[in-house]
Amino acid sequence: MLLYGFVYFSYTFYWLRSGMHDALEFTPSVEIKQDVNTDLRFPEGIKYNQPAVSNSRPDVTTVTPWLAPIMWEGTFDLSVIDAIYLHKNITVATTVFALGKYVRFLKDFLESAEQHFMVGYRVHYYLFTDRPDEVPVVTLGPGRQLTVIKTPSSDRWQEITLRRMEMIEKLIEERLVTEADYIFSLDVDTKFCGHWGSETLADIIAVLHPGYFGTPQREFPYERRPESVAFIPPEEGDYYYGGAVIGGRIGYVHKLTKTCHAQLDVDRANQIEVAWQEESHLNKYFLYNKPSKVLSPEYLWQDFKEKTSNMKVIRFSQVIKNYAEVRPNP
Ligand SMILES: CC(=O)N[C@H]1[C@@H](OP(=O)(O)OP(=O)(O)OC[C@H]2O[C@@H](n3ccc(=O)[nH]c3=O)[C@H](O)[C@@H]2O)O[C@H](CO)[C@H](O)[C@@H]1O
Ligand SMILES: [Mn+2]
């Protein structure tokens with residue numbers, strides 16, 4: 001049991017640059033000990049509805065071309081998933097950054113997370129902030145805890161958002177390898193408004209950005225300059241993923257953050273700042289490292305958007321903010 005969930009980091013780092021738009025590659029990826037976390041052991045004696053043999057959501061795609069499920073309300077039976085995961089005794093690390101004036105979003109974020117996010121599971125929030133005195137006191141449910149990590153801010157919001165990759169990478173190396181099994185990294189200018197639970201657990205998850213669901217790939221706001229490592233040509237790309245949600249098992253997310261961090265460094269050395277900071281690199285990463293589960297826009301909505309008919313439930317949504325007022329620079 002000591003080795004339960006233990007992650008070995010054994011990276012060899014090399015370049016794969018046959019063309020300008022190849023992403024950096026780390027190989028072999030993190031070696032993860034196969035353990036009780038990944039089997040789908042189901043306890044005896046639990047009754048549930050017989051699985052349907054027709055698609056319960058004909059209005060939306062519920063599976064990617066590489067056969068990863070796309071999570072929509074009505075496609076899963078939570079009682080079945082919880083029966084599998086509740087007895088595994090897992091810890092879910094949740095990183096959130098609240099630098100500068102973004103501390104104001106913490107109260108709603110944390111209070112709503114306590115109501116809706118991974119309820120029944122052990123959750124450990126790791127809160128990065130330069131203003132520990134302004135962290136609100138929020139009563140946490142049983143088995144849930146919060147660690148404040150004092151972090152210097154920056155006078156550029158672009159720097160704050162992209163540096164999350166490096167900070168998550170380090171946090172995983174220094175603490176999460178022994179403290180957690182899964183991790184989610186979430187934007188703080190958000191609120192939970194519906195259930196978000198064990199159905200989101202997977203090796204590596206990505207979320208469909210609500211602004212580009214159904215958009216032709218050539219119109220995705222990918223980085224389009226070939227000089228950038230994040231470059232994606234107009235005829236490539238599966239979906240446009242949002243940078244506000246990343247998650248998965250510790251080792252997989254470590255590989256993701258380490259790769260994106262390295263790619264951001266290469267661009268920086270070449271004096272290129274990509275269109276959407278770490279989100280552009282994340283999209284490049286997922287083009288060549290497909291997510292094993294994809295969250296529908298139910299898991300990342302935007303308050304200003306009119307609810308569409310395929311949205312049976314909104315679970316997590318970006319609140320309306322005055323960009324000029326909350327960010328340190330335009
Ligand atoms: C919905 C969505 O997918 N949002 C993404 C989008 O814009 P957003 O407008 O959502 O970016 P944002 O201003 O919310 O910044 C991302 C996150 O960085 C942190 N932060 C940012 C600025 C600051 O002064 N203090 C601070 O703490 C905070 O946790 C915030 O939630 O593009 C960004 C990169 O350009 C990120 O990829 C966001 O995740
Ligand atoms: Mn945001």
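Backbone N, Cα and C atoms are what each Cβ position is placed from, and that goes for glycine too.
All TrEMBL annotations are machine predictions without curation.
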Residue among Y102, Y121, Y252 sharing the UDP-N-acetyl-alpha-D-galactosamine site, where TrEMBL lists D187, V188, D189 as binders: Y102
Annotated recorded positions Y102, D187, V188, D189, E279, filtered by Cβ under 6 Å to ligand 2: D187, D189
Neighbourhood of D189 (UDP-N-acetyl-alpha-D-galactosamine binding site) by C-beta distance under 8 A, where only residues 6 or more apart in the same chain count: Y102, F105, Q318, V319, K321, V326
DSSP state at D189 (UDP-N-acetyl-alpha-D-galactosamine binding site), helix/strand/coil: coil
Cβ-centroid neighbours of UDP-N-acetyl-alpha-D-galactosamine site Y102, D187, V188, D189, 8 Å, sequence order: V96, F97, A98, F105, F109, T190
Largest tally of Cβ atoms lying within 10 Å of a Cβ, found at which of the recorded positions D187, E279: E279
For Y102 (UDP-N-acetyl-alpha-D-galactosamine binding site), the number of other Cβ atoms found within 10 Å of its own Cβ: 24
